[in-house]
Amino acid sequence: ADGELVQYHYGLKDLVTILFYIFIAIILHAVVQEYALDKINRRLHLSKVKHSKFNESGQLVAFHLTSMVWCLYVVVTEGYISNPRSLWENYPHVYLPFQVKFFYLCQLAYWLHALPELYFQKVRKEEIPRQLRCIALYLVHIAGAYLLNLTRLGLILLLLQYLAEFFFHVARLVYFTDENNEKLFNVWAVVFVVTRLFTLTLYILVIGFGLPRVENQALDPERGNFLSFLFNNILFRMSVLLLVCLFQASVMWRFIHFQLRRWREYWNEQSSRKRAATGAKQQAKPLKRDSGYHENGVVKAENGTSPRTKKLKSP
């Protein structure tokens, strides 16, 4: 009422809030599974392996779409896209607007809720290490951006990441419904490369040029300044940028290897289909008939005589 802008800081009470929203995420997960994915699965009659992957992609499509729209709304209303300098200006960004803090708490709650969901969804043992690795990476990056006061940069990076993941899981859903339809994987490949380039550019811009120019370069944990004094050291800054570039290069190498393998399998499948079609055509060719023509079901020779040899009567 008095026009004051209320901002928030992180603390131990966030753990209680995150716990509450973990239960909310479990309920929403069950609603999406019961009223959407299970009904589609009954119609598709998928195998157990495809059934598990379909459920995983279906849940992530709903989550990534919601998070992507929400994150885009936050970064636009807070002016982080229109003013890129705000990503590092006035660092550390200790005090957060409500929508930024609430977004981070919900993100942490969702990825923490994914741990008990591995048991509730009866995920196969072969899939558990991959999903645990994915959950751990998201938790480390989101919690790191939240606790190190890099929330603005974290929002942009999450938006780019969720955009690529959304197209990937949509392509998987379409592929499970129609295995001959792989066009959306090509769209995902383009989006993935573009988002990787933007991610690398943001890292270089913020770490290489932004944080070293912050006014307060002293280590001050009480004020939340954990990083600017480190990035003021050119050796440390270049080492971090090198690690970031190597990590992005490894991701791109795995992506290129995956795409080459997928194209190789596609062309092998196409060539096998062509060979099968050629063999079917050769088998469908009509057999050569005897010389002559048919008349009332009897083969006649060209001179009108019957091709059958007459039996000679015994004298």
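Each residue, glycine too, has its Cβ placed from N, Cα and C.
Where the annotation comes from TrEMBL, it is an automatic prediction and has not been curated.
The domain 'TLC' annotation in TrEMBL covers 52-266. The feature region 'Disordered' is assigned by TrEMBL to 273-315. The transmembrane segment annotation in TrEMBL covers 18-37, 58-82, 102-120, 132-149, 155-175, 187-214, 234-256.
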Stretch with greatest number of CB pairs under 8 Å, the transmembrane segment (234-256) reference, 18-37, 58-82, 102-120, 155-175, 187-214 candidates: 187-214
Positions on the same chain near the transmembrane segment (187-214), where near means CB under 8 A and six or more residues out: 84-85, 87-89, 91, 153, 156-157, 160-161, 163-164, 167-168, 170-171, 227-228, 231-232, 237, 240-241, 244-245, 248, 251-252, 255, 259
Folded-back contacts onto the transmembrane segment (58-82), same chain, C-beta under 8 angstroms, at least six residues removed: 29, 32-33, 36-37, 40, 97, 99-100, 103, 107, 110, 152, 155-156, 158-159, 162-163, 165-166, 169-170, 173
Long-range environment of the transmembrane segment (155-175) - Cβ separation under 8 angstroms, sequence gap at least 6: 53-54, 57-58, 60-61, 64-65, 67-68, 71-72, 74-75, 80-81, 87, 100, 103, 107, 141-142, 145, 181-182, 184-185, 187-188, 191-192, 195-196, 198-199, 202
Rounded mean pLDDT for the residues that make up the domain 'TLC' (52-266): 88
